[in-house]
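First comes the structure, then the notes that go with it.
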Amino acid sequence: MTMRRMLATTGGAVVPMALLALLFGNQWVVDEINKSDLRYDEGIGPVVTWLLTLAWRITPMGSLGVKQVVAEDFGLLVFFGVLVGLVLAGTRLADPERGPFGALIIGWWAAVVAGGVSGIVAAPLTRWAFEFHDGSFGRTFSATVGQGASFGFAFGWLAGLGALGGFFLARIRESGPRPQQPYAPAQPYMAPQGAPMQQQPYPQQMQPHPSAVPYVPPQGQPQQPAWGAAPVPPPPQQGQPPQPGQFGVPPVPPQPSAPPQEQAAPEASEEPEEAPEGAPEGRREESPEEAPEGPEEPKDGSADGPKDGPEDGPEEDLPEDDDLDLADRTMIDRKRDDDT
């Protein structure tokens with residue numbers, strides 16, 4: 001419990017007791033009660049006797065002198081001293097979260113104990129001030145202690161109510177609006193390595209506790225999955241494909257090797273030679289494709305035709321894999337046979 005609440009509760013317990021002492025314990029009221037025909041053992045007499053526990057004087061009565069003033073005033077000071085100490089101790093040990101009922105009990109209990117202690121102190125002082133020689137000390141002691149404890153038991157609830165009021169008053173003040181102080185912006189608890197340290201805009205203020213700052217995982221490390229969730233595979237790094245066999249990456253089945261592509265027939269590097277002038281035009285139209293270069297058979301009766309040497313064979317000009325144009329060559333050869 002805060003010091004402000006403790007002081008407010010203690011002051012609330014002392015105020016009603018001080019009012020009783022000022023109203024019913026002053027020397028003028030006490031002198032009038034003693035002059036009256038009030039009997040202390042009948043009617044309201046015992047209640048009036050309990051109120052005399054808080055009696056105090058400024059001037060002595062009759063010929064008793066200063067001893068009477070010292071005895072009564074010192075007993076009153078002891079009562080208030082014990083009351084303040086007990087309320088402070090009880091309020092400090094009490095838990096404010098359990099409710100305000102504890103403040104009422106503490107005030108009442110402190111008044112009862114303070115009345116009994118003041119009666120213990122007042123017993124020898126009364127015998128010394130009034131010079132009682134015929135009575136025993138035990139009777140005086142029991143009378144003063146009983147009077148003080150009875151006063152606390154009967155009027156202690158006023159001290160409890162005062163303590164309760166001070167408790168509520170301090171709570172209202174503490175729960176009032178407070179000026180908000182600017183705080184530094186929250187930063188991650190662990191900064192990544194190599195990052196420059198940022199200067200705080202308010203160096204005179206304390207940083208928040210690490211538990212109040214949200215945890216930010218370092219860069220480059222995957223976050224842990226939630227409890228019971230499926231594991232999340234780590235993302236592949238830039239420029240590096242996911243490797244099979246690692247955690248979270250399915251194995252890649254082996255793919256069959258591609259069949260070797262058939263070697264396409266090389267195109268003729270040179271344009272086909274023009275047919276001789278004597279060749280019929282229908283041959284050019286009927287042939288779907290131009291015949292590749294090959295040996296031409298000399299026509300009968302042509303003296304000017306070129307003569308092929310024995311060394312000029314068809315294998316020199318044609319490529320090795322000329323089997324693709326075999327059908328066209330056969331067609332051309334048949335047409336040549338028909339012409340002859």
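Backbone N, Cα and C atoms are what each Cβ position is placed from, and that goes for glycine too.
Note that the structure is a prediction, hence the values are computed from the model and not measured.
For 74-94 (among others), the entry in TrEMBL reads transmembrane segment. Residues 1, 5-6, 9-10, 13-14, 17-18, 21, 25, 53-56, 102-103, 106-107, 109-111, 113-115, 117-119, 121-122, 125, 148, 159, 163, 167 of the same chain lie 6 or more positions beyond the ends of the transmembrane segment (74-94) yet place their CB under 8 Å from a CB of it.
The transmembrane segment annotation in TrEMBL covers 106-130 (among others). Among residues of the same chain six or more beyond the transmembrane segment (106-130), those with a C-beta under 8 A of the stretch's C-beta atoms are 9, 12-13, 17, 53, 64, 67-68, 70-71, 74-76, 78-80, 82-83, 86-87, 90-91, 94, 137, 140-141, 143-153, 155-164.
TrEMBL lists 150-170 (among others) with the feature transmembrane segment.
Summarising the annotation, TrEMBL assigns region 'Disordered' to 176-340.
For 177-208 (among others), the entry in TrEMBL reads compositional bias 'Low complexity'.
Positions annotated as compositional bias 'Low complexity' by TrEMBL: 221-230 (among others).
Positions annotated as compositional bias 'Pro residues' by TrEMBL: 231-259.
Per TrEMBL, the feature compositional bias 'Basic and acidic residues' maps to 296-310 (among others).
Positions annotated as compositional bias 'Acidic residues' by TrEMBL: 311-325.
TrEMBL lists 326-340 (among others) with the feature compositional bias 'Basic and acidic residues'.
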Report, as numbers and ranges, which residues of the same chain sit near the transmembrane segment (150-170): CB under 8 Å and 6 or more residues beyond its ends.
2, 4-5, 7-17, 20, 46-47, 50-51, 53-54, 83, 87, 91, 96, 100, 103-116
